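**Q** Checked Swiss-Prot, it gives:
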| type | residues | note |
| --- | --- | --- |
| BINDING | GLY97, LYS98, VAL99, ILE100, ASP101, THR119, SER120, PRO121, SER122, SER128 | NAD(+) binding site |
| BINDING | ASP124, ASP171, HIS255 | substrate binding site |
| BINDING | ASP171, HIS251, HIS267 | Zn(2+) binding site |
Amino acid sequence: MNVKEHVISLPRRVFVGHDIVYDISIYFSQLGVTPPFLIVTGTKYTKKIADKVIENLPKDAKYEVVEIDSATLDDVYMVEEVIKRISPSLLLGIGGGKVIDVTKYAAFRNSLEFVSIPTSPSHDGITSPFASIKGLQKPVSVKAKEPLAIIADIEILSLSPRRLINAGIGDTIGKIIAVRDWKLAAKLRGEYYGDYTASLALMSAKHAFQCTKIINKDIKYGVRMLMEALISSGVAMGMAGSTRPASGSEHLFAHAVELIHPEGILHGELVGLGTIIMAYLHGINWKIIRNRLKKIGFPVKAKDLGLSDEEVIKALTIAHTIRPERYTILGDRGLTWSSAEKIARVTKIID
């Protein structure tokens, strides 16, 4: 790779354990961060977690809270208004993917550090220096700030809705496809391929695959395994300086569906469906992936997510246009309507 400089953006510390939010003041002391803090959180369950974090901040710490319920540019602007007013030294993102995406993007735009405190293991954005923000030109990830630290409290994460946990598994297993697509682009287009970062992403996928054997028996152990996989995937992106190790044709399909059917479906759920479909195209055993996901209660049919056959087929035909510079198994021309329909039926995504 003939570039003058390659910057690797990684978290300084990762704290994983049980009931560790009660030790947040100790962690902040270790990190050398001081008030004032700006806390970004959700409006419902995550706000309760944020309140617990606030109770354990350093004594007399000055802070302000912003509550959001989406990840749009308007939400980012709302956070930035408070940044201008209180000049915080640190942002804390306490919530799910939307909260953390808004926090890291606002931190990036304002040259601030941020700490990621996820309340659900729904996708690998808890670690990565990229964010998905609605209101931009396309539904793809944009450059954002990597977290200074991650505080992953397994007690909190294991209480998140099972649907969110399953979505995290779907998102992470998708790295199997992303790495295959990356290899294909290197072979056919001469694109740079990073063996180490690809191996790290693939290891994350395999770890999540193993998680499907455990999660029904031991939720806390399974969630810890999943968190390790999500963190590793985010680190792979930070090392690569792009989302390439973690986002391929399975994500293009997910983004295409999000354009057609923008509400009510979790990102990781769509990535899981996309992984089954793209595994078929790559000649990978898609049946094993489908069966493993089905056993944990993952929705493996489009209708389970409220998607029509036509929406799935259309998404498959336009997926290659979402990010044309990123070569995948879909090629430059994508799939015809008839071939997309055939593949969706063969993989049992549609009946």
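Each residue, glycine too, has its Cβ placed from N, Cα and C.
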**Q** In whole Å, note down how far the CA of HIS255 (substrate binding site) lies from the CA of ASP101 (NAD(+) binding site).
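**A** Answer for this pair: 16 Å between alpha carbons.
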**Q** Just to verify a number: CA distance, SER120 (NAD(+) binding site) to ASP171 (substrate binding site), in angstrom, no decimals.
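**A** Distance between the two Cα atoms comes out at 13 Å.
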**Q** Sequence gap of 6 or more, Cβ distance under 8 Å: name the residues on the same chain that satisfy this around HIS251 (Zn(2+) binding site), in order along the sequence.
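**A** Non-local contacts for HIS251 (Zn(2+) binding site): GLY174, ALA178, THR243, VAL271, GLY274.
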**Q** Across the record's NAD(+)-binding residues GLY97, LYS98, VAL99, ILE100, ASP101, THR119, SER120, PRO121, SER122, SER128, the largest CA-CA distance in angstrom?
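**A** Largest pairwise Cα separation, rounded: 16 Å.
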**Q** Residues other than ASP171, HIS251, HIS267 within 8 Å, Cβ to Cβ centroid, of the Zn(2+) site?
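**A** Here the nearby residues are HIS123, GLY170, GLY174, SER247, GLU250, ALA254, GLY268, LEU270, VAL271.
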**Q** Among GLY97, VAL99, HIS267, these being the binding-site residues, pick the one whose CA is nearest to that of ASP124 (substrate binding site).
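**A** Of all the candidates listed, GLY97 is nearest in space.
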**Q** How far is it from ASP171 (substrate binding site) to VAL99 (NAD(+) binding site), counting Cα to Cα, in Å?
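**A** Counting only the Cα atoms, the answer is 18 Å.
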**Q** Neighbour count, 10 Å Cβ-Cβ cut-off, for ASP101 (NAD(+) binding site): what number do you get?
**A** 28
**Q** In whole Å, note down how far the CA of HIS255 (substrate binding site) lies from the CA of VAL99 (NAD(+) binding site).
**A** 19
**Q** By a simple count of other Cβ atoms within 10 Å, which of SER120, SER122, ASP124, ASP171, the binding-site residues in the record, is least packed?
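**A** If we count Cβ atoms within 10 Å for the binding-site residues SER120, SER122, ASP124, ASP171, the smallest count is at SER120.
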**Q** Please state how far apart, in Å and to a whole number, the two most distant Cα atoms are among ASP124, ASP171, HIS255, the recorded substrate-binding residues.
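**A** Greatest Cα-Cα span of the listed binding residues: 16 Å.
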**Q** Can you give me the Cα-Cα distance between GLY97 (NAD(+) binding site) and HIS255 (substrate binding site) in Å, rounded to a whole number?
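**A** Taking the Cα atoms only, GLY97 (NAD(+) binding site) lies 15 Å from HIS255 (substrate binding site).
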**Q** Could you check the binding-site residues GLY97, HIS255 and say which one's CB has the most other CB atoms within 10 Å?
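**A** Top count of Cβ atoms within 10 Å goes to GLY97.
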**Q** Whole-number Å distance between the CA of HIS255 (substrate binding site) and the CA of HIS267 (Zn(2+) binding site)?
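**A** With distance taken Cα to Cα, HIS267 (Zn(2+) binding site) is 8 Å from HIS255 (substrate binding site).
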